[in-house]
Amino acid sequence: MTAYTPKPFTIHFSDDEVKEMYDSLASSRLPDAAVPGVSWDDGIPLARLKELKNKFENEFDWRKLEAEMNALPHYTVEIEDVTLHYVHQVSPDEGAIPLILMHGWPGTFWDFAKVIEQLHKPSGPCMPSFNVVIPSLPGYGFSTLPRKSWSIEDTARVYNKLMTEVLGYQTYFGQGGDWGFYVLRIMASIYPACRLAHFNMFRCPPAGLLAYTDYIDYLSYLPLVGGYAKAAKEYARWSVLSANDFKLIKRYEGFRVTGRGYSDIQATRPSTIGYAIHTPLALLAYIGEKFHAWSDPTLLSDEDILATVALYYLTNTFHTSVLIYKMSGPARNEMSVSSKLWRIKCRFGFSYFPYEIGAMDHHSVSQCGPMVFYKEHAKGGHFPALDCPREFIRDLREMASRYWWTKDNYMVKSINKHFDKPEGHP
C-alpha cells in the first residue's frame, strides 16, 4: 500500500493578488441600460448584476473570509496525479462517524461552511457526531487538475483512497449533490468502505408507469392521437406521483428545456467558456445567475455568491473546473438511462428540496438500490448546506442514527427516541 503524507495547508493570497481582484472588478464596464423587456428568463438582470458588483467592491472583505476559512484544518496530499486539497475536522467524540461531503459545480468546499461546526460536535447525549472530510474536486480551488485524462470514476477512486488509505477509516458515510452525486454514486456502487450514502440530487430513469411517459411524448405529436396522448401522460403522472414529486419533475423538465445551455457548452467547448469567464465581473454574472436559478430565492445569500466568485478568481480555477463536463466519461449518462448500471450497494437516502433542478421521483430513485431514507422539505434548493443548513444537518444526523449502527445496538434505540418517523419515510 502506498504511504501518503498529508501536509497542513494555509490559504493565503498576496496583497497584490487581492488588490488586483478588486481593481479588475472596479475597472470593468457594464452597459448603461438594460435591454427593454428582459427578465431572469433571459439571464441575470443588469440591475441585479450592478447590485452584486457594488457589494463586492464596497462590502466584501476577502481577508475576513480568508481568516474564517483558515480557522478550519486544511491539508493537501498527493494521490496518483492529483494534489488533493481537503478539510478534515475531527470530532471530540471518539465514536464519531467518518463523513465525506462532496460539492459540485459551481460550488467549492466552502459550500459546507455553515454545517461543519454542528456536524463535528455532539449535539446531545447519544446523538451522532462526525469526523468531517471535505475535499475540493480535482481542478477546483486548491486541488490540481490531473495532467492525464480523467473521469468521475477516477475522482471516486481518489476520494475512496483519501478516506481509507490516507485517513485510515475502514468505513465511511458519504453525502453528495451535483457532481458530488455522480462521484458518490460510483463510490457507493463499487467500494465496500462506503457504508452509507445520502443525496440531495439524483439522476435516474423514470420507473413504473412513468417509464412510459417518454413514449407518450412521441404519440402526442401524432395528429389523430395527440390530444389523447397528452391527457394520458398527465393521468399517468397524477396517478403515481405525490404533489412534491410532481413539482420536482416539472422543475427538472423546465431546467432541461431552458436551463442546461451552460452544460452543453461546458461539455463541448470547455476551454472557450473557461477562458472567457475569467474576470471577476464575468464570474459574478455567470455564477450569480446559476445561484439564483438553482436556489430557493427566499434563502439565497449574496455573501455566498461573493465568496464563491472570489475563490474561483483567486485560485484561477474556473477554466479547469468546467473540464469535468467533458471529462466525466460515460458513467454520467449511464446513470440517467439505467437503474441497473451503477447500482448502489450500500443503504442510501434522498432528501427532497423543492428548488432542486436535477432529481427524480421517490419511486424511481428507490429502484437504484436499497433506499432506506427519504425526507421532503418545504424550502431549499440545489445548495441545501447553504440554503437551509439546519435541515441538512438534521437529515444527516437522523439517517446516521438510524442506519449506521446495527439495529441491536443500544445507541440506535436511544437515538431513535429523539426523532419522529420522517414524513414519506419508506
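Counting begins at 1 with the first residue displayed.
Glycine is no exception: its Cβ is also placed from the backbone N, Cα and C atoms.
What TrEMBL says about this protein:
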{"type": "ACT_SITE", "residues": "Asp178", "note": "active site, nucleophile"}
{"type": "ACT_SITE", "residues": "Tyr325", "note": "active site, proton donor"}
{"type": "ACT_SITE", "residues": "His382", "note": "active site, proton acceptor"}
{"type": "DOMAIN", "residues": "6-112", "note": "domain 'Epoxide hydrolase N-terminal'"}
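The Cβ of His382 (active site, proton acceptor) lies under 8 Å from the Cβ of Gly177, Asp178, Asn200, Met201, Trp294, Ser295, Phe353, Tyr355, Glu356, Ile357, Gly358, each of these being in the same chain and 6 or more residues away along the sequence. Neighbour list (Tyr325 (active site, proton donor), Cβ cut-off 8 Å, at least 6 residues apart, same chain): Trp105, Ser263, Gln266, Ala267, Pro270.
Averaged across the domain 'Epoxide hydrolase N-terminal' (6-112), pLDDT for the predicted model comes to 96. Taken through DSSP, the domain 'Epoxide hydrolase N-terminal' (6-112) splits into 42 helix, 23 strand, 42 coil.
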